[in-house]
Amino acid sequence: MTQLIDGFGIASGICESIATSVAHLKKNNGLVPSLRVIIVGENPASHVYVRSKQKKAELLGINARTIALPKDTSEAELIRLVESLNGDISVNAILVQLPLPSHINSSRIFESIDSKKDVDCFHPENVGRLTLSKDALLKPCTPAGSLYLIKSVLGNDLSGMDAVVIGRSNIVGKPMAMLLLHENCTVTLTHSKTRDIQEKTMQADIVVSAVGIPHFVKRDFIKPGATVIDVGINKVDGRLVGDVDFENVFQKTKFITPVPRGVGPMTIAFLMLNTVIATCIQNKLDHQDVIRVVV
Ligand code: GUN
């Protein structure tokens, strides 16, 4: 029997806990976590994602503002804005939505964000901390949300499991592999130059796909009883589909995420969590109460 992993419901539960933490911070410490989301240009999908982040933050009591800049904004202008938010003590969290227009070097932008306000966990210092330790405070939202879903069905002990990650992006694939490695999984990180991805996925207890190709993961890629996490969000004929050929893969799995309502809501929940953790770090407060919602 296959069980669908209810990312939407699990994310809702996490967000309820975060709303409680936000209220607690306000009542006991006079602090309202504040998030600034910067979007450059008119990418319609990005605007949809940013609106969801803004709306969820407002719902949880976080002070959120979206700063929309024209597509011809220069790299220097964007860095100046980031630096002014770095210096603003009323701002706890900064997110620059990707993709950026091609004339802007995203690495230089992420390096310009104060690492304590880097709720995406894209700053090299935070990437380094994540690589060095299981206990990094800020973890990248999509991989951390995906790991939470995996543990929600397989339990906290993933030691010795074979995990295959498809896609080596800095946002998902690489940090996902690192998080699974910290859980003592044997991790294979596959990518566009991997010779035979199917040969690897067929052995895996856990498959995480973040490749951005609809129906890339087919039925015969999956070992019976595996857990499949679909990070892909692709549009086909106006419909959202993941990387996984869901209808044909479903029955072969023990646990599988749907698209939509799988990983997507978890990314937003972990962004909210990181915003509250960043607020605690900056105010030298014990964040344990806040991160207790994370397994
Ligand atoms: N674009 C797609 N996913 C993300 C994300 O997690 N963070 C940012 N900043 N941009 C994105």
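Every residue gets a Cβ built from N, Cα and C, even glycine.
The annotation domain 'Tetrahydrofolate dehydrogenase/cyclohydrolase catalytic' is assigned in TrEMBL to 5-120.
Taken from TrEMBL, the feature domain 'Tetrahydrofolate dehydrogenase/cyclohydrolase NAD(P)-binding' covers 140-280.
Sequence annotations record features per position, and here TrEMBL assigns NADP(+) binding site to G167, R168, S169, I233. R168 (NADP(+) binding site): 18 other CB atoms within 10 A of its CB, across all protein chains.
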Legend entry - DSSP-derived helix, strand and coil totals, residue by residue, for the domain 'Tetrahydrofolate dehydrogenase/cyclohydrolase catalytic' (5-120): 61 helix, 19 strand, 36 coil
Inset, instruction - With H, G and I counted as helix, E and B as strand and the rest as coil, say where DSSP puts G167 (NADP(+) binding site). - result: coil
Legend entry - Fewest other C-beta atoms within 10 angstroms, as judged across G167, S169, which are the binding-site residues: S169
Legend entry - In the chain carrying I233 (NADP(+) binding site), residues 6 or more apart in sequence that have Cβ under 8 angstroms from it: L240, G242, V259, P260, G264
